[in-house]
Amino acid sequence: MMVLPVLRLGLSCRCQTAGRTLQQIQRTPLRQWLLRRAQTTEGGHASVRMASIPNAASDRVLGRWLVGCSGLVLGAVVLGGVTRLTESGLSMVDWHLVKEMKPPRTEAEWEDEFSKYKQFPEFKIMNHDMTLREFKFIFYMEWGHRMWGRLVGLAYILPTVYFWKRGYFSRSMKPRVLGLCGFVVFQGLLGWYMVKSGLEEKTESYDIPRVSQYRLAAHLGSALLLYCSSLWMGLTLMLPANKIPDSRNLLQLRRFAKVTGGLVFLTALSGAFVAGLDAGLVYNSFPKMGERWIPDDLLAFSPAIKNVFENPTTVQFDHRILVVLGISTLLLYVPTSLAATHQSGSVALLTFAIWVLAELRKVVK
């Protein structure tokens, strides 16, 4: 009769041991992962799962992507400047998102494209003796600039779709990334709007055909804004939290960096007006402009505010005040290589200003 209680006691002990073992199994990392995996399924179909990589790792990935995109935008700015300096921007008189991705290949296709170009003011007034070979050069310059723009668009939009599906973006990050993608599309449309201004017939003027300096400044300004935004977002995601102790001097440095960045941006934007009006060819002496420190035609236009945007003398004078890096560019009558280097230097300076601001972003205001 004593056997039955003993058996019951043995079974109870084994059950308790099995229960503890089951609880230990349930607490293992593998079991916990399986339980979480099971919770993501509903009705026999797996639900969309968020990215499982750590936040710090995803931030580094997004940061590198955005910094890389900003590098592509920088390339577009430099290439656009070279296109402008070689007077190639009006060689493509049509705009098609997909069709123009393939340049002319046969001689007949080239002749057809050249005949289109001959119908517009730049050929009639300035390039009426241009050969087909010379046309091919300016065409390829503009075609390369447009294809680079499409590459920039793909570099923003395709990774955005991928990262969105993988759950890399936080709630606050999503509208900012969508804003960047929308701005890329706007930048492309603005570029064509700018080119159209140089293709219009101006019966009242026989001057060299050129694009509107206002549209050129808007096109360059929007590209610089896209560059600055992408670089800022990328650096803030990549750089670690600032551990510099707060101080009054550090806050002053932060304000100085903001002012410096703003002045560099304004200087680069004023360069668009110089390029749009060919103002770099007006006075090619330094420090004086001709024989005067202040030229007598500085306020030749009326009303006075019009001089700031449309008077080549005033535009060059303003640009001289904002920057002295382009002195040799003026003295040598704006050679293409030096002018492109001058523009690249301004963007490089803007880059360093943004970098300093990103490093100081954690300082208490």
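Just so you know, glycine gets a Cβ as well, placed from its N, Cα and C.
Computed from a predicted structure; not experimentally measured.
The following features are taken from TrEMBL:
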type	residues	note
TRANSMEM	62-82	transmembrane segment
TRANSMEM	147-164	transmembrane segment
TRANSMEM	176-195	transmembrane segment
TRANSMEM	216-239	transmembrane segment
TRANSMEM	259-283	transmembrane segment
TRANSMEM	346-364	transmembrane segment
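The stretch from 176-195, 216-239, 259-283 that makes the most Cβ contacts under 8 Å with the transmembrane segment (62-82) is 216-239.
Within its own chain, the transmembrane segment (176-195) is flanked in space by residues 69, 89-90, 92, 95, 146, 149-150, 152-153, 156-157, 160, 163-164, 169, 211-212, 215-216, 218-219, 222-223, 225-226, 229-230, 233, which lie at least six positions past its ends and keep a Cβ under 8 Å from the stretch.
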